[in-house]
Amino acid sequence: MVSIDHVTHKILTYIPYVLVLIDMRYEGVKCGKDGSVDNHMEMGKKLLAAGQLADALSHFHAAVDGDPKNYLAYYRRATVFLAMGKSKSALPDLSRVIELKPDFTSARLQRGNLLLKQGKLDEAESDFKKVLKSKPSHKEEKDATSQLAKSDELQRLVAQARRSYGSKDYMTAAAQLDAVIETCIWDVASREMRADCFIQMGEMEKAIGDLKALSKLKNDNTQGFYKLSTIYYNLGDHEMSLNEVRECLKLDPDHKQCFSHYKQVKKLNKQILSAEELIREQRYEDAVSKYEDVMKTEPNVPQFSLLAKERICHALSQAQQASRAVSVCSEVLQSDPENVNVLKDRAEAYVQDEQYENAMKDYETAAKHSENDHQIKEGLERAQRLLKQSQRRDYYKILGVKRTAQKKEIIRAYRKLAQQWHPDNFQDPEEKKKAEKKFIDIAQAKEVLTDPEMRTKFDHGEDPMDPESQQGHHHPFHGGFHGFQGFNPFGSGPFNFKFNFN
């Protein structure tokens, strides 16, 4: 059984905690009635000075809620908003300050500066004039005077820009608007006009910059997103075009222009993605067919035709359809001569077609525009090796035998070709000349491949019939054909052809 003394001791232990809670409750009520706004204001100022903006904002929110007519609470909150880069939120607070205390020149000056940045020049001018009439400090008077002069100059520039734009002098208008937007960075109207100037001038990247900024300045910017989508589309960027038109439809699902454009971009995007998947699967003919569909879907935008042909060039090169690849790649390079990918693809097609010098030229051109591309370096070295190899005679190829062919097979092939290409078989001078060269090649091939020592040298990359590679060694044909072992292919006078095999 628990003793009474023990229970009493436990109760006495909790009494101090209960008293603290009661005291805290009482102090809270008293503070809520008398000093909570001041406390929030003080804490907010300390946190703002420490750079803890979010916490400071919370306290100023509470101060405004606690006393909706406390102009300093609004002013402090506006200061935090400005420090956080939230000018849209700061502006209503500054207006509320001026409403509660019309002679608060600091708030009016700050509001004038914000209005100036927004391009609301008449309203900004009104604020600056009122500051000058309200007995400002020396610094406030100096700032207001300077900003008022700037406002007058900006109004003049805006009027000039509108006249230039109206007369279709877009370059001049854009330059004038540059000066306006340098100060009026949040001026929607000036940015819209300058974006249109850039579009008319064909400077699409600059137009995109302004339209992107407008998408953040305007809440309902469906037309801006539509313009962005169409610009990206005409530049051949189907993915960005699709992203921007989707933003338009998020704001207005029934927007006619955006919905119609969305269907076109979506179809084209689907075809391109499908074609790329076919290339990854090495289904090159199907990929070519799909990219031909792309050109049919959008025949009026050159960039998509160029993209389709670039990828067809790549697919044909990978499929080792050399002549078709060279044709399509060359068509692309007429419009885009510095396209590194197409230069590489055409070079590969040239290699496949044994046009090694052309391949080297393409790789060298590509290297000028992409110096660190290892694929270009490797391709160029490969083309150079193949060119060098092609310039040497391949005796196996001349006789049409494999490298593993036995001596009897080599002699049999030689006899057949020697009979076929004997110069006496040809009457036309040009044909006879061609036959003589062919006949000599056949004879040399037989000589090299039936001699074990010469054949070994040839198999190791040395041509026994090439004087340069012999470097002083006896050349079987040196000084004519009289040194040839076994027969003189032409004899004396008319071609007296005879075989003499050892």
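Cβ from N, Cα, C; glycine included.
Worth saying up front: this structure is predicted, and the values here are computed from it rather than measured.
Straight from TrEMBL, the features:
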DOMAIN    394-462  domain 'J'
REGION    458-481  region 'Disordered'
REPEAT    37-70  repeat 'TPR'
REPEAT    71-104  repeat 'TPR'
REPEAT    105-138  repeat 'TPR'
REPEAT    222-255  repeat 'TPR'
REPEAT    340-373  repeat 'TPR'
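Break the repeat 'TPR' (71-104) down by DSSP state and the numbers are 27 helix, 0 strand, 7 coil. With a threshold of 8 Å between CB atoms, the same-chain residues lying at least 6 positions outside the repeat 'TPR' (105-138) that come near it are 71, 75, 78, 82, 87, 90-91, 94-95, 97-98, 144-145, 147-148, 150-152, 154-155, 158, 180, 183-190. Here the repeat 'TPR' (71-104) has long-range neighbours at 37, 40-41, 44-45, 48, 53, 56-57, 60-61, 63-64, 110-111, 114-115, 117, 134, 186, meaning same-chain residues at least 6 beyond its ends whose C-beta is under 8 angstroms from one of its own. Residues belonging to the repeat 'TPR' (37-70) score a mean pLDDT of 93 in the model.
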